[in-house]
Each structure stands twice: as structure tokens, then as C-alpha cells.
Amino acid sequence: MSTQSLYKVPSEIAANAHINDEKYKKMYQESVVNPEGFWREHGQRIDWMKPFTKVKKTSFDDHNLSINWFYDGTLNASVNCLDRHLADNADKLAIIWEGDDAADQRTLTYGELHTEVCKFANALRSQGVRRGDVVTVYMPMVPEAAVVMLACARIGAIHSVVFGGFSPDSIASRVIDGKSKVVITADEGVRGGRTIPLKANIDEALSHPDVTCVEKVIVLERTGNPVNWVEGRDIKWASLMETASEHCVAEEMGAEDPLFLLYTSGSTGNPKGVLHTTGGYLVYASMTHEYVFDYKEGEIYWCTADVGWITGHSYMVYGPLANGATILIHEGIPNYPTPARLGEMIDRHKVNILYTAPTLIRALMAEGKEQFDGFDGSSLRIMGSVGEPINPEAWRWYHEVIGHENCPIVDTWWQTETGGILISPLPGATDTKPGSATRPFFGVQPALVDNMGNIIDGAAEGNLVILDSWPGQMRTVYGDHDRFALTYFKTFRGMYFTGDGARRDEDGYYWITGRVDDVINVSGHRLGTAEVESALVAHEHVAEAAVVGYPHDIKGQGIYAYVTLTKGTQESEELRQELRQWVRKEIGALATPDLIQWAGGLPKTRSGKIMRRFLRKIAANEVTNLGDASTLADPAVIDTLIETRLNRSE
């Protein structure tokens, strides 16, 4: 194996890990040669009401696309995360919660969490929520967010969690698509010392003329500050819970019954409702949580992701709780009020496993390692990274400053669509290279293909595809199976196209090189460029806009917008700021353009297609080798854009 920056598995980790290198190779081989037998065995890791006999029926043919796992079995996700732990672990901590203000602390045992979930499940039923209904959830990072998700799962309702940073328009589009009758929110969230007007955002979203489905809004009092109240529609969380019974028989769900919807940015504009089902998802989330993080009974596990993202679903709620872990939930941001907060929380709660994002690591790096002078960190055993590829220098900083060079780093690659981790080191099995996601998880068959779909062998670079299904895979785009086929299976026939490019080195390790489609990864969160462009063009002074990602020291990728103004509109710094605020209001703070360059014209082909590769290179300040511009209708546009670019390094 090439030794360039190779970090060997620590011997004490290898000796005690669930999986060592020899076992990984044996299990991986079995998982791809005999997936039926492999998953028949590992499907038993969760509790089934009616055991499955059929394991796998999947087709990646875009004309006959179907994905079914454990499909004649029945179960309930809430029972797997709660009830099955009660006999031995009712008094074990399920959730440790720390508020934005470190003085705010709460804990819930598995017994207490079970009671809360049963009560809220009954409360939902009292408001007419039935099996198969979509419930929209717009909550802060409080234990009640997990309660809501598990209560929905208990009664067979489908939760659709919307990230608390999204705008009213974004909420409205998700409510409309899911036809939600019930929305659950809080008066306000608290994050980084600021209050987030969650209820006000919901009110604005529901005032949208196309939102006609919502009958009830359940409001948790988080801050207690006064909020607008709609009589007959709005109900206080506390008043529902006062009268709700603590006993709730769980619905028996088919393995392929929907568990949740999570909307993700598409390159075509409208967000896609990614649908995950119950059986395969839970098997995969719990198995990857145990093996990728080498989770051991009694450990404290902290995933810093927001519940509004897939990482919060799979590795803050379902995976860890199915495994009976104690999870830490933090309401705020791990570098507030000072960058030392992350270390303080690790020490305060004796965290053993930390799962966070490169964007936070880079932000902490920028503050300097002396911020961690008072940090002990001796409880930490395993550290993970998620959301985007981590650059090697951030990896090394994380390893040295947070992990004290003792903790293996699992740099995990996966997507909303995959349900769980697909490519990652295993702590006791995989020597790591900073910046590489390394090897596939069990049952996952990655490949690289060229633009014609031909598989490329050996050390190479290409489009990353997956050749066969795995249990955690999404099943469809909600209400639009054709879009599911078109987005993921038509580009390269018979394969799942990830939308990412990757490089495979001579050791067979995978290095993710980033999106190859029109999606930007900002601080580990995906945004469709079409969404941002649509928001800009909706402004009265904008004639045309093109949006690309560019390298950003903190966020990984920043948003660079080229804007052509309407005739007669004057370019000004005031207008630039107005447009930034406009996008922020239309989509959310995450989508705010970092740089807006005025563009008299955009590079287009004669058929009118914008040539984004030129725009990406100019935004990245790579202006010496732009490639062939002969297909452009007006090549002179390029020179002007280079001349007026904003991201130049002097």
C-alpha cells in the first residue's frame, strides 16, 4: 500500500473493534457475492413483528425501476428504537440535551422517551393523523424533534422534517408536495445567541395561496415569547400532552411502507421528496452506525448535524436509538459563544464518538488551535466527518487538535438518497489517508464510469456510480417515480448515478472530487443552482442569472452568482446587498450568494445554453486555461467576465 500520508489503524482499536481488516474483507466479499444470504443474516439485527422470508427484489432498469428489501416482513421503527430496550435499559439515558445556553440541560431515559413518544403519538391521532399521512416538522434542535419523528413512526405517519433555516417559501413548497394536514413547529428556535422565528415562518408559509391542505399547527413553547395565534388551527403542544395517554399500540408496518420524506435540492429547481421506507432503512442505519463508528454499549455519541438533514435522521435518531445508544443533542452551534464550545461539550458529557462536518472543522481551524488549550478530550475514541470531502489539512488538524492523534477518523461519503453511509473507513479495519473516503461498506458496489457509461478499472477518475442496491437506498421521489428514474438511473443505464465524481487510487481507495451536476455543496448542505437562479431572476431588476460554486475556505464551496440586470437598471453595491437579502428571504440564509458579479452577457452556445464550465473556472480564478470557446455565440463575453471577476487573488 502506498505510504504517502498513511495513518495505520491503532493496535488497541484493531484488537477490540467489531471489524478488523481480515473480517472486513471476508464480510465484504460475502456481501457482494451472496447479497441474499448476507442480508438475510444481518436483517435479523432489528426486531420484526412478522419475520421476513424474502430478502431482495431490486431492478435498476430505468423502465422497470423497483427496490424492495425484506419486503414480506412487518415491523415498527419506533418499537425498534424504544420498546425493545425497555426490558433491560429503561433507566439508561437515551438523550442528553444541551441548549444554546450551556446552563440549559435536560436528559431523557429510554423509559421517559418511550412515554413522551406514546403520548405525542396519541396526540397526533387525536388531531386526525392517520397511517400514511405526511406530517411536516419544522423544529429546533430539542428532544421534542426526536419525539415527533418517533411518534409519527409509531402510528405509521410519514414525517417530513424541514431544516429550521429554510424560508417560508421553501416550507410552503414542501407542505404542498406532501399534502400535509398537520404541521409541527415551535414558537422560536435558539441558535448562536439569536432567536429563530419558526412560528412566524410557518404562518407566512401557510398564507401562501397554494397551501390549502393544513388543518392544524401544533406549537411547542420553546422560548415562551408571544407569537401570532390562529384560533381553531393552532394548538399548544403542552395542552395536547396534558390529556394524552401514555399507552400507544404501535402500528404494524410493512418493510416497504414509507417511514419519512426528506426534500433535497435537485438540479432542475423543484426540491425532490426523497422517500425512505421502514425495514431496509432501519437495518442499514443501525448497522452502519454500529460498524462505521465501532459503537460499543454504554458509549456517548454526538452527531452535530441538524435534525433537518439526513445525517440527523440516520445518525442522530434512528441508527443510534435502534442500537440503544445515548445520544447528545445540541440546540446551538458548536463554536458559540466561543470556538472552545465543542471541546467543552466533549469534556462535559464525556463524549466517546463525535460525528461532525468539515465546514465546522475549517471554521475552528481559522480560530487557531490555542482555543483548545483547556480541552482534555480523553473520552474521545472515534471521530467522523460528513457532508462533503474533507481537505487533507483539515483532516490532520481534526486528528491532531481534537483527537490528540489517538482517534481514528471515519471520513464518510453518502447522500440523502442513500439513507446511510456507503463509503468509509472502519476504525479497526482501514488504514486511512487524509481526504479519502477509502473503501465501500458491506453490500455497496461502487464503480467509476466515463461519460459514455463505460466502466473504468484500476487507478482512475470518473463518474461515481453504484452497481447494485443496498437496503438503505431511497425507493422513489415522492409522487414522481419518473423523476426518480430520470435523475438517478437514465444517465448511466442499469446503475445508480450519484452525481459525484471520484478518483480511485492504486490501493482501491476512493477520493470524492465533488458534484458533476448543477448542485452546490455549501457547508455540507446541498443546494440546486437552479433554485438560487430562479430566486434571483424573480427580482424585478434581474434579467438573467447563472450560479456556480467556487472554492471557499470555510464552507468548502461558496455561491458565486453572475447577474445580468434589466435594461436601464444601474449596477450598485446597494442593489448587490438587496439581491443577497432577496435570495436569503426566498430560500434561506444558506443560499445567500457570497459573490455577485454583474454580467452584461453570459457565455452561451448558439442554441442559448449557458456554458457553466467557463463560469466555474472564472469563479475559481482559474482563468489561464479555459479550454475551447469556439462553440460560444459570443466568445468576447468571456474576456469581459474575466476582467470584472470578483474572486481574483492579487
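Residue 1 is the first one shown; counting continues down the chain.
Cβ coordinates come from backbone N, Cα and C, glycine included.
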According to Swiss-Prot, G387, E388, P389, D411, T412, W413, W414, Q415, T416, D500, R526 bind ATP; so which of R439, R475, R483, R515 is the extra one listed there?
-> R515
Inside 10 Å of the Cβ of R194 (CoA binding site), count up the other Cβ atoms and send me the figure.
-> 12
For G193 (CoA binding site), the same-chain residues 6+ apart in sequence with C-beta under 8 angstroms from its C-beta are D100, G332, Y336, P337
Site with most surrounding Cβ atoms, counting all protein chains shown within 10 Å, from the binding-site residues V537, V542 | V542
Which are the residues of the chain, V537, H539, V542 excluded, whose CB is within 8 A of where the CB atoms of the Mg(2+) site average out, their centroid?
-> A535, L536, A538, E540, H541, A543, E544, A545, V563, L579, W582
T311 (CoA binding site), number of other Cβ atoms within 10 Å | 26
Inter-residue C-alpha distance, V537 (Mg(2+) binding site) and R584 (CoA binding site) (nearest angstrom) = 14
Taking all protein chains shown into account, the Cβ-based neighbour count within 10 Å for T412 (ATP binding site) is 25
Across all the protein chains here, work out how many other Cβ atoms are within 10 Å of the Cβ of N335 (CoA binding site).
-> 17
Cβ neighbour count (within 10 Å, all chains shown) around G387 (ATP binding site) = 23
